[in-house]
Amino acid sequence: MFPKNKTAFSSLAVLVFGVLLFYIGTDGFQAFTAEKARVNQLMDEKPQFPDVTLEDNNGRTYSFTEFEGKYVFITFLYTSCGTVCPELEVNMSEVYKRIPEEYIGHDIQFLSISFDPKRDTPETLDTYRKAFGSDGETWRMARIPKQQELKSLLDRFGVIVIPDEYGNFAHNSAFYLVNPKGHLVEVMDYTLIEAAAERVTEILESGGKE
Amino acid sequence: MMKSSVYGLLLLLGLMLPPAADFLESIMITHMHMQMPLLVISGIFMAKFFQNRFTGFFSKWNENGVPGILLFSIIMVYWSLPRTMDEALTLTSVEVFKFISLPFLAGVPLRDSWPKLSSFWKHALIIFFTILFLALGWLYIWSPVQLCNNYLVIEQITLGWGFISTAFAMVVYLIYSYVMDFSKYE
């Protein structure tokens, strides 16, 4: 039962192994970077926003349940960041402008969370928010003062933050949407403003039935 | 003969030591361009042991060297995916697979296949890796996004240039082998 040409047979076996290896390693040719895999996994798991205490740009402190019953559109940033974060926040403000006004504040809350609580005091956040046209109410900027709580949130939402030697952080960025029950339902590409705005509007229009 | 296999095993064990592994993995370019090639080299050293042990297997199933070199290429391409490099740092199973696949599924077949290959296949392989490395270099340098979550963008760019330089070295070799007649030296 052995084929005549053994090397052709073993080459074929090796190729099959290769296809299998790549299939498994990329979740069925879906995710070639860990970031894509992370997003896919988050959308599957729909993790719950953990119970953390936020301190916002007005110095108010409250738990995340403050936003219960509303969708929450979230980004993660730190204000000393000179690269991605300003772009992320500008794009967030573009999404904010594209959401029909009647939903703002009632059905959806915008929230920028700082992962640098040491430097990002309420005062700093209040200055920073103005640069992006955030009103400090329907779009708030907040820090999570307790390191432990911050870590649990970052871990659960798959936000990877690596401090570098210059006091900056390397981090992955995305738009996150949490549903009224506190479950993460969407992780969106922060560079695709229109797509994100459309998706969020669609969800709001459907009244959360999706 | 068997001495080289022992050295290969020692090299592999040395690379597996947590301090050595952590150090090489802490920088992206040493992870990809030092640790991974060293793992392959440990396999090249150890190949003699397997060739002696399973003489029939290698001569039968890898007679012309093509299946072996195919396996080598697949493993190398697999470990050039940004995701696998990232996950080697975060998932133990992927890390273990790295320490097994690179020596035994890339190093060993490379040693067994290379002398069996015709010069056509040898050049085809080098051309393939030159193109692959140029493409990866391009990807890591000019990619607008951070491809690996565990490394900084600046390290990603360094790695990209590492790929381009390696590709350049292979181009130099290809030109050299085209111009020179190696058989005169053999």
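Any Cβ shown, glycine's included, is placed from N, Cα and C.
The domain 'Thioredoxin' annotation in TrEMBL covers A:43-209.
Around the Cβ of A:Cys81 (disulfide bond), 19 further Cβ atoms fall within 10 Å across all displayed protein chains. As annotated by TrEMBL, disulfide bond applies to A:Cys81-A:Cys85.
Here TrEMBL flags A:Cys81, A:Cys85, A:His171 as Cu cation binding site.
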Helix, strand or coil at A:Cys81 (disulfide bond) [DSSP, three-state]: coil
8 Å Cβ shell about A:Cys81, A:Cys85, A:His171 centroid, Cu cation site members excluded: A:Phe76, A:Leu77, A:Tyr78, A:Thr83, A:Val84, A:Leu88, A:Asn168, A:Phe169, A:Ser173
Per DSSP, three-state class assigned to A:His171 (Cu cation binding site): strand
Close in space, distant in sequence - A:His171 (Cu cation binding site), Cβ under 8 Å, 6 or more apart: A:Phe76, A:Val84, A:Phe115, A:Val159, A:Ile160, A:Val161, A:Ile162
Taken over the domain 'Thioredoxin' (A:43-209), the model's mean pLDDT: 89
